[in-house]
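The next block holds one structure in the form of structure tokens; read it before the comments.
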Amino acid sequence: MKVLPELSIKKMVYGGYGLADYEGKKVFVRYSAPMELVSAEVIKEKKDHVEAVVKDIILSSPWRRQAPCKYYTYCGGCQLQHIHPDKQVKIKEEILLESLQRIAHISINRLWDSIKSGQEFGYRIKAQFKVQSGKLGFFAWGTHELVSIEECLLLHPAINGLIPSLRELIKKVKDLQELHVLYSPTEDEFLLKLITPTACDVNKMRTLKERLLPKKVVGIGNYSKLGDQLIKRYHIGRNFTYMQVGKYRYRVSNDSFFQVNFTLWEELIRSVVVGSYRKVVELYCGAGFFSIPLSEISNFLLSSDSNPSAIRDAEYNAKLNMRDNIVFSQESAYQTLKNYAGEVIDLLFLDPPRGGLTQEETKLILQNRPKEIIYVSCNPTTLARDIGKLTSGGYTLKGIRLIDNFPQTYHIESVAYLSQQ
């Protein structure tokens, strides 16, 4: 294995890497930290860059710490555990600002005040375990090699407490590929998804549920996987749970999306639900996490999502929270924007997937010209790309805020606020 003897880490970049230079090439170094001098083993070498992993620390960063997790550097779920949590937030702020400058060509001096996670560990209410040869865990960084685990420090303690029962379950389920767990801290109960290439016998699954799992597991679904999409075969037991977020109550089905960091639920809502509007259009609404509070600051709200399960939950949640000024529509974001072409939209609220907006969606937004846009993002590069197009098309970036939704990982959640020039 080729070793690069002395690398000076200049800064951290998106993806969890430290950046260095070596013989005219950029080197992306796993498990390094800013202002550090390290030697590193080469993992991949390309024409213009090298990917490497720290071998020895020659001069340690002042922000380095001993990672609390015993699986760290083996399991690929975390990339920043070796860096002090306050510095993790600063690193993400710097990456967000740099992305805006490099991709959107927008220079701003500082972000709006960042919102830090209520806990650096134990914050996740959802786990997507990989399963291989009867073992349960997560893949190593950049591979499909399973690292078997007994606990994950990012997960809510209740999910870790369920792992022994899950280990017994996977011994009895043939060809199990993935096992997803959703936990409600409100109800103290679980929903499971079992992903298998062929259907599990439904009667056998009922028996396994009764014999091997605690009563807090209220429902199990069996799914197949087609690319990144999960196809449901059947569900036994209840297929939903409830989440309480401040004064709001939500029904969340096993197939719906809900924010995974329960310590930031109320902060998220407070940071984005601001102002007062006549007509609001919301894209990618999910189970209505933002829809319900948004309806309180708007006369009329149209919320759409392509996921039928999410829309059913969102409609139920509007009734549950006694909101009668929301219309939900099961359709793509593109179709929603097309339907509202030519109408006056006071606020466009969007929370797209990691890939951000499509070219067609961006084009329609610029044609429709909503007065204001609030853009929730989990990817700074696609956010910067989209902001660049929107500002070139006549919008001003009023401000942007980091939400530290995913401590210990490179993932970056942020909220951007734009208005017409």
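Glycine is treated like the rest: Cβ placed from N, Cα and C.
What TrEMBL records for CYS378 is active site. TrEMBL lists CYS378 with the feature active site, nucleophile. The S-adenosyl-L-methionine binding site annotation in TrEMBL covers GLN259, TYR284, ASP305, ASP351.
What TrEMBL annotates, mapped onto the structure for a quick look.
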{"residue": "GLN259", "record": "S-adenosyl-L-methionine binding site", "Cβ contacts under 8 Å, 6 or more apart": "TRP265, LEU268, PHE289, ASN405"}
{"residue": "TYR284", "record": "S-adenosyl-L-methionine binding site", "Cβ contacts under 8 Å, 6 or more apart": "SER304, ASP305, ALA333, LEU350, ASP351, PRO352, PRO353"}
{"residue": "CYS378", "record": "active site", "Cβ contacts under 8 Å, 6 or more apart": "PRO353, ARG354, ASN405, HIS411, ILE412, GLU413"}
Across the listed S-adenosyl-L-methionine-binding residues, GLN259, TYR284, ASP305, ASP351, what is the farthest Cα to Cα distance, given in whole Å?
15
If the S-adenosyl-L-methionine site is taken as the center of the Cβ atoms of GLN259, TYR284, ASP305, ASP351, which further residues of that chain fall within 8 Å of it by their Cβ?
PHE257, CYS285, GLY286, PHE289, PHE290, ALA310, PRO352, VAL376
Looking at the binding-site residues ASP305, ASP351, which one has the fewest other Cβ atoms within 10 Å of its own Cβ?
ASP351
Please state whether DSSP places GLN259 (S-adenosyl-L-methionine binding site) in a helix, a strand or coil.
coil
Could you check what DSSP calls ASP305 (S-adenosyl-L-methionine binding site) once collapsed to helix, strand or coil?
strand
